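The following features are taken from TrEMBL:
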type     : residues : note
COMPBIAS : 85-98    : compositional bias 'Basic and acidic residues'
DOMAIN   : 6-49     : domain 'Brinker DNA-binding'
DOMAIN   : 137-267  : domain 'Transposable element P transposase-like RNase H'
REGION   : 85-104   : region 'Disordered'
Amino acid sequence: MGRHLRSFTAAFKLQVIDYAEEHGKREAGRKYDVDEKRVRYWMNQKDALAATNRSRKAFRGKKCKYPQLESELVNYVVDTRRDGYAVKQKRPDPKSRDFPAPPGPECSGLCDLPGAENFPEDSPTKQFYKDKVLSSQEEITQLKKKVSLMSPEERHATLMLNEMQLAPGLVYNPSSGTVLGAPTIPLADGTLPPNCLATHGLVFMLGGITTCWKQTVAYHLTGNSFHAKTVKDIIIVIIKACEAISLKNVVVTDTRGRNQAVWKLFGIIVGKHSKPKTSCPHPCDASR
């Protein structure tokens, strides 16, 4: 390994400095196999090296302009992670302005915290709640720019509904000051008992038909059942919002009982002893 790729601790540098002060810089360089230029550089850093940790190897980067603010922000990240919440790199910047320190552009570098986690910025799980549910209309509005760059063939999409099982429980969301874990959609009978906990997550996702793209547009919590009329209304809202940005959708679900209840409200029925009906009038245009 070449000389210039090595790193040395403060203790080693102080040892070289002591020898150089007694025998000269060139002799110290020969004895410890380092460049004479490096010995001179270390001698200029003698006071800082004497004051630092003996195992430290370098003094890199600019000095912190607001050390108290940095300390408060690190404590905030540690406490947030201890509570079970992830911290992405964009989050510390606005949070830093809540602490008693002069605001300004200097705060823009605070996201470079030790071990800062990096997540996809538009991941739906990171914007999980506004009140209790991800806003489908807001997500579709953000999708408008992507759609504007698509060809007419690429604007045919599939609206997919799927449920995933969750471990029931309550979690405090510090960003909104709310407790999460209750269903956001009533049960099948239209009621929502106060002590009911969500057991499933109902995902509404758009996906391209002719090209490969996808976008989660809504995410609800449900119990062991959900109110079919409420889900039907959500589907209609999403379809209308998609039509407004020139997206044409077909809707796809599995055939479990709770989904069939939604399809019956649309007038769509498929069974062993009945004539299949797989379409219904479009919510935006009855002629389609």
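Note that Cβ sites are derived from N, Cα and C of the backbone, with glycine treated the same way.
Heads up, TrEMBL stuff is auto-annotated, nobody curated it.
Counting residues 6+ beyond its ends, the domain 'Brinker DNA-binding' (6-49) has Cβ neighbours under 8 Å at 55-59 in the same chain.
Taking DSSP states H, G and I as helix and E and B as strand, the domain 'Transposable element P transposase-like RNase H' (137-267) has 42 helix, 39 strand, 50 coil. Across the range of the domain 'Brinker DNA-binding' (6-49), the DSSP-based residue counts are 35 helix, 0 strand, 9 coil.
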